[in-house]
Amino acid sequence: MSNEMYYVQASDPAILEKGECGGAVTALFKYLLDKGIVDGVLALKKGVDVYDAIPTFVTSSEDLLSTAGSLHCAPTMWGGIIKEYLQDAKIAVPVKPCDMRAIVELAKRAQINLDNVYMIGLNCGGTVPPKTAMEMIKLFYEVDPKDVVKEEIDKGKFIIVMKDGSHKEVKMHDLEDNGYGRRVNCQRCDEKIPRKADIAAGNWGVIGEDAGKYTFMEVCTEKGKQLLKDAEKDGYVKTKAPNPKGLEIRAKVESSMLKMGEDYKNKWLEEKYPTIEEWNRQWNKCIKCYGCRDVCPVCFCRECALTADYVDTGSIPPDPIMFQGVRMSHMAFSCVNCGQCEDVCPMEIPVARIFHKIQEKTRKELGYRPGVDDEAPPALGGSCPTQ
């Protein structure tokens with residue numbers, strides 16, 4: 001289908017006030033819950049502060065407002081949660097591009113039924129680890145991180161809002177040049193608008209007097225088209241045609257961010273890519289905690305070949321080449337560059353970098369993009385296993 005584009009705004013005053021950019025995403029979730037189309041909405045709600053996000057399954061539209069708004073300092077991955085706990089439920093979920101790609105890859109493996117999932121994609125410029133965010137706010141913004149009540153990434157800047165309503169901002173380039181800013185995998189991301197979702201939403205392209213009051217929505221599937229049509233018909237949202245200039249600006253923003261991602265990809269996967277000797281030093285730090293395996297959203301085997309000991313009893317440390325080699329042979333074709341494996345590694349091994357590097361080589365050789373292409377990964381021989 002040819003994707004249709006709209007400016008969309010929530011009709012509910014409470015959602016308008018609390019929601020991001022007109023609250024359209026929250027309004028669509030409310031429609032799905034109120035009409036009984038889904039059993040619940042899987043989303044994040046703020047915990048004690050902006051660095052603390054709590055995954056929550058909302059089953060009543062009255063509780064949706066607690067999930068409204070963005071949390072860039074709390075990276076979370078939905079694919080594994082849906083696969084493990086919500087396989088049989090009908091759900092709606094807001095997805096970053098890497099979330100979307102993981103869900104699509106799991107669907108190819110018969111681990112998620114896409115007929116049961118409404119994906120509302122969120123345009124994404126990247127996320128920041130909570131610890132990094134607190135450190136950089138203290139260092140670069142010279143304020144107490146606990147006094148920050150809101151943050152956002154806009155026009156190449158990381159912006160914070162304080163308790164007193166004041167704003168402070170620093171260019172993302174300046175932060176990242178000093179080892180802070182977005183997660184490294186986000187820096188080299190090559191998917192900014194999640195068009196495999198049913199609807200892709202964001203603020204890019206909303207300009208003039210509409211800025212901040214409407215959400216830009218690109219309808220990507222027939223399911224998404226019907227959802228928006230029905231939600232408007234029943235008075236949950238209002239839509240209007242986007243400003244033509246806004247369409248141009250949105251395309252330029254996406255193009256600019258993709259170019260930036262390619263530059264960072266060259267930096268981290270080529271110029272600063274570890275040598276074999278450096279990798280050997282990194283792998284020798286591995287303690288076989290299984291964190292990288294357990295957090296990977298695309299890993300799904302019920303009986304894992306890595307669970308059994310892969311060294312003789314009493315041998316320490318374990319052979320990291322065997323452990324990571326098996327993982328790479330299983331997953332590198334389908335790495336969605338979510339960075340979760342690197343986030344959880346207690347030894348701070350840059351695991352995601354080698355997986356992304358191998359996936360890039362696969363893509364160049366075979367043309368396969370995990371979570372974007374419709375066919376099964378080449379490693380699966382064109383067929384998807386059921387377990």
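Positions of Cβ are set from backbone N, Cα and C atoms, glycine also.
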According to Swiss-Prot, which listed range is region 'Disordered': 146-167, 256-277, 366-387? 366-387
Need a hand: Swiss-Prot gives Cys335, Cys338, Cys341 for [4Fe-4S] cluster 2, which of Cys220, Cys286, Cys289, Cys296 is also on that list? Cys296
Residue in Cys301, Cys304, Cys345 which Swiss-Prot records at the [4Fe-4S] cluster 1 site where Cys286, Cys289, Cys292 also bind: Cys345
Including all protein chains displayed, how many Cβ atoms other than that of Cys338 ([4Fe-4S] cluster 2 binding site) lie within 10 Å of its Cβ? 32
The DSSP breakdown of the domain '4Fe-4S ferredoxin-type 2' (326-355) into helix, strand and coil residues is 19 helix, 0 strand, 11 coil
10 Å Cβ neighbour count around Cys335 ([4Fe-4S] cluster 2 binding site)? 26
Listed binding-site residues Cys335, Cys338, Cys341, filtered to Cα within 10 Å of Cys292 ([4Fe-4S] cluster 1 binding site): Cys341
Please identify which of Cys286, Cys292, Cys341 has the densest Cβ environment, defined as other Cβ atoms within 10 Å, among these binding-site residues. Cys341
